[in-house]
Structures are given as structure tokens and as C-alpha cells.
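Quick look at what TrEMBL annotates:
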type	residues	note
COMPBIAS	10-25	compositional bias 'Basic and acidic residues'
COMPBIAS	26-37	compositional bias 'Acidic residues'
COMPBIAS	38-61	compositional bias 'Basic and acidic residues'
COMPBIAS	76-123	compositional bias 'Acidic residues'
COMPBIAS	141-158	compositional bias 'Basic and acidic residues'
COMPBIAS	174-205	compositional bias 'Acidic residues'
COMPBIAS	212-326	compositional bias 'Acidic residues'
REGION	1-326	region 'Disordered'
Amino acid sequence: MKAHTPQRKQNKEKEEKEEDKYKEDKEEEDKEEDKEEEDKQQQEEEEDKDNKDKEDKKEEDKKEEEEDKDKYKEEEDKEEEEEEEEEDKEEEEEEEDKQQQEEEDKDKEEGNKEEEDKKEEEEDKRQQAENKDGEEEDDKEDKKDKRQQAENKDKEQQQQEEEEKEDKYKQEEEDKEEEREEDKEEEREEDKEEEREEDKEEEREEEGKEEEREEEREEEREEEREEEEREEEREEDKEEEREEDKEEEREEEREEEREEGEEEEEEEEEEEEEREEEDKEEEREEEDKEEEREEEREEEREEEREEEEREEEREEEREEEREEDK
């Protein structure tokens, strides 16, 4: 009957160890699921951050492009303003030259008037010099025309240089703008290529993770099958233990019944002896009580006799007193 007790204890310890291991495996599995969820959430946050950074970069590029356009417009306005100032300056210089020429002509007329008085005195001399003065006047007109032509030529050349300079500046700005657009287009293409590479890398990582998850799920299914087999074994062991326990319990019950029967017989004998002993004790007590009562009755009778004697003595004393009184 006791041969099965160590085996049952060993099976119970084994079952407890397996249950503890199952709990530990379950806790580890829960931790892995929590970690996987945290990794997934972190990946989503990183993707959101990357998308936001890309949007911010696009906005920044757009803002930079607008600033470049505004800067180019400011430069054009500044250039037009400088051209207008240059034209105003040229007009002022032409006006100053014209006023200077008029002043020179006026001074010349005043000088000619003074000479008229001299010409009246020197008519012959002035007549001779008249032809010479006419030639000098023609020379002055020729010089004036040549100077005007030179000024016009300088103005035309300056204007042409300004136009060429402006065209060159505009062409350079257009080339710079085209170069900036090409650089931006290249950056956009590079960004797109990087995004495609990142998407491919993410797909590869996701496929790798999916394969890992599938392997983990397969391992979990295998562990579940093993756990089910262990559970079946535990159930079989428990069933065997229950059968053994039942047999032991039945044997123990039969043994207990035999022991109880023997104990009942012993108890009955002891009770019978106790009753007999109690009866004897009661008889002895009753005898003792009867003796005590008899003693008490004897004492009472003795007290009564003594009381009677005292009464007789008192009666005698009273009789003596009566005799004395007489």
C-alpha cells in the first residue's frame, strides 16, 4: 500500500515542474509578443517621421524655389532701376552740355557786339578778315557736328553694351535657373530612387520578418503539439495515480474498517469495564454516603440526647429556683 507513495510524489513534483516550465514559456511568449508589438509601433513611428521629414523637405525646396524667384525678381527690378538712373544721368549730362553750348554762343554774340564798334573803325581790315571768320565758323560747325556724331556714336555704343550686358545677365540667370531646376530634378530623382530602394529594403525586411514569424508560429505549433502530448501523458499519469489512489483508498478503508471494528470491540469492552467500575464506584459512594448519613443521624440523636439532658438540667434549675423562692 505504501509502495506507490514515492512514485506518486515524484509524479506530482514532475507535474509541478512541467506546469512551472509551461508558465515560464508562456511568460516568455507574452514578452516576445509585447516586444514585437513595440518594434512594430516603433517602425510605424519611424515611417511617420520619415514621411514627415520628406514632406518638410519638399516644403523647404518649394520655399527655397519661391525665394530664388523673389531674389531674381528683386535683381531684375534693381537692374531696371539702375538703367533708369543711368538714362537720367545721361539726359542730365546732355542738358548740361546743351546749356554750356548756349552760354558759349551767348558769350560769343556779346563778344561780336563789342567787335562791331571796332569794325566801324576798321572796316577795311574787318572786310578782309570776314572771309577768314566765315571759314572759322564753318570749322566750328564741322567740329560741332563731329562732336555730336561722336557723342551719338558713344551713346549708341554704350546703349548696345548695356543691352548686351543685360542680355548676358539674363542668359546667365536663365542658365542658373535651368541648372537649379536640373539639380532639383536630379535631387527629386535621387530621392525617388532612395525611396524605391528603401521600399524594397523594407519589403525584404518585412519578408524576412514574416518568414521569422512563420518559423516562430511553426515552433509555437510544435510546442503546442508537444505540450498537448505532455498534457496527455500528464492526464494518463493522473489517471493511473487516481486509480492507484482509489485502490489505496479502498485498501485503507478496508483496513480502517477492520481497525474500527477492533477499536469498537475494545471500546465496548472498555465501556463495559468502565460501566462496571462506575457501578462499583457508585455503590461505594452510596455506601459511603449511607455511612455519612448514618453518622449524621447518630450525631443528630446524640445532639437530641444532649439537648434533652440540657433541658432536664434547666428544668432542675428552674425547680430549684422555685424551691428557693418558696
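Backbone N, Cα and C atoms are what each Cβ position is placed from, and that goes for glycine too.
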Contact check, the compositional bias 'Basic and acidic residues' (38-61) vs the compositional bias 'Acidic residues' (174-205), 3+ Cβ pairs under 8 Å, seq sep 6+: yes
Range from 141-158, 174-205, 212-326 with most C-beta pairs under 8 A to the compositional bias 'Basic and acidic residues' (10-25): 212-326
Positions whose Cβ lies under 8 angstroms from the compositional bias 'Basic and acidic residues' (141-158), at least six residues beyond its ends: 90, 97
Structural state census, the compositional bias 'Basic and acidic residues' (38-61) (DSSP three-state): 24 helix, 0 strand, 0 coil
The compositional bias 'Basic and acidic residues' (10-25) - residue tally per DSSP class, helix then strand then coil: 16 helix, 0 strand, 0 coil
Within the compositional bias 'Acidic residues' (212-326), residues counted as helix, strand or coil by DSSP: 114 helix, 0 strand, 1 coil
